């Protein structure tokens with residue numbers, strides 16, 4: 001029981017990070033019907049900007065962890081948002097109205113370019129991030145096994161919940177969110193009502209990128225080490241999470257992230273940690289075969 | 001046509017790829033008028049309405065709204081100048097509530113007017129008030145048409161473009177919709193440009209009318225004149241009316 005609880009705590013933490021990245025996939029898919037294959041790279045860049053941010057905070061003598069985290073969070077979100085915007089402008093917008101595969105190919109191109117750019121600029125070796133938040137507490141002890149929750153895990157889950165709640169509120173309740181959903185459902189009609197569709201699509205990329213940057217920062221803090229290649233695996237897993245939850249569905253992305261975290265951690269904890277990635281991707285295959293619209297995906301049939 | 005034109009279309013040609021849909025259309029809509037455009041399926045009626053809104057863009061010709069050339073403007077800029085469209089097929093946002101659909105109609109309007117505007121729409125179509133929180137996609141065809149008109153009115157347009165509002169609706173509902181259109185013109189002072197296949201209702205309602213065939217204006221005149229015109233009767237009115 002103790003071992004199970006410990007795995008559960010770890011899984012929720014990991015699932016939170018996947019969920020944050022998955023939101024970007026699902027939102028972009030929702031609005032333009034395409035997967036942003038450069039999204040994992042935005043996550044990776046967010047992690048690097050966070051690392052640089054923490055180093056700057058250190059050299060400025062900001063020793064309070066909460067202040068440093070908030071500052072780095074804002075820094076990473078705003079810089080990555082620019083990357084998200086630039087990806088849309090360079091890889092997607094010029095190819096709108098072109099054949100469907102074209103923007104996917106250009107996005108993969110952007111992805112490769114960003115990986116190599118970071119590799120050149122930051123070096124290929126893994127970068128240690130140092131420990132920003134340490135410590136935790138014992139939840140309970142059973143069978144001679146301490147079930148531990150670290151402060152960092154609490155921060156990760158709390159930041160994720162706050163961001164997801166805020167984000168859900170923006171989409172469901174604000175005029176901006178309504179315009180975003182309107183573009184998703186009928187772009188031509190949205191334009192007829194005065195929505196600037198191009199700007200709304202840009203905004204979707206920007207919001208997704210900002211959330212991915214937060215995931216990047218949390219990843220850096222949790223694992224303590226990053227390199228230019230982390231975006232690939234995390235990106236594909238978050239993509240799997242988005243598909244599992246139902247691509248295009250916002251709550252689906254959050255649920256999918258959590259489930260992928262659970263699957264991965266429990267597989268590693270009970271079966272084999274070498275094959276944890278295989279477990280996550282086997283789920284992708286199974287979902288695509290048996291339930292392509294995902295757990296919370298929208299039904300395709302609509303009354304006209 | 002004592003009033004100045006609110007909409008003036010001159011020599012519009014529109015293409016879908018290599019196929020030409022409009023071959024030089026000219027027409028005028030004066031302020032406060034109800035003008036209708038009738039024509040068979042595929043005559044280019046919807047294309048003309050969409051071209052006025054900038055999607056697709058006209059390849060040649062000019063569209064002038066209240067003295068300003070809007071031919072090259074993007075759609076969201078054109079509608080910002082006081083044009084609203086009730087498009088073909090109504091295009092209700094299916095996964096938004098009735099209320100949210102109306103909120104979408106109001107994004108260009110002054111938020112201070114929202115409450116009174118939505119009350120006016122609900123007064124005109126009480127059914128919408130009853131279904132306020134229901135999803136747009138679950139409404140009946142007639143209710144969707146009411147919602148599409150209500151949504152267009154939320155922006156307080158000067159010029160309202162309607163594309164076949166009677167399509168696929170029961171005769172009783174059609175009468176109700178046409179009555180509302182007449183009221184919008186008379187009571188709200190909105191200029192109306194109405195595209196219809198249901199020529200009988202449209203011509204009776206309209207001050208003036210145009211007949212479009214194969215992408216060209218074939219005939220024009222007052223609603224009454226065209227209603228009496230032999231050619232119009234033979235082509236668009238025989239076989240009764242809904």
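Glycine too: its Cβ is placed from the backbone N, Cα and C atoms.
In TrEMBL, annotation is done automatically, which means it is predicted and not curated.
Here is what TrEMBL records for this protein:
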type	residues	note
TRANSMEM	A:12-35	transmembrane segment
TRANSMEM	A:42-61	transmembrane segment
TRANSMEM	A:67-87	transmembrane segment
TRANSMEM	A:99-118	transmembrane segment
TRANSMEM	A:151-172	transmembrane segment
TRANSMEM	A:201-222	transmembrane segment
TRANSMEM	A:278-297	transmembrane segment
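Only sequence-distant pairs (6 or more apart) were considered; of these, at least three Cβ pairs between the transmembrane segment (A:151-172) and the transmembrane segment (A:12-35) are under 8 A, so the stretches are in contact. Contact counts against the transmembrane segment (A:42-61), taken as Cβ pairs under 8 Å, peak for A:201-222 among the stretches A:12-35, A:67-87, A:99-118, A:201-222, A:278-297.
Counted over residue pairs 6 or more apart, the CB atoms of the transmembrane segment (A:67-87) and the transmembrane segment (A:201-222) come under 8 Å in at least three pairs, which marks the two as touching. When each of the listed stretches A:99-118, A:201-222, A:278-297 is scored by C-beta pairs under 8 angstroms to the transmembrane segment (A:12-35), A:201-222 comes out highest.
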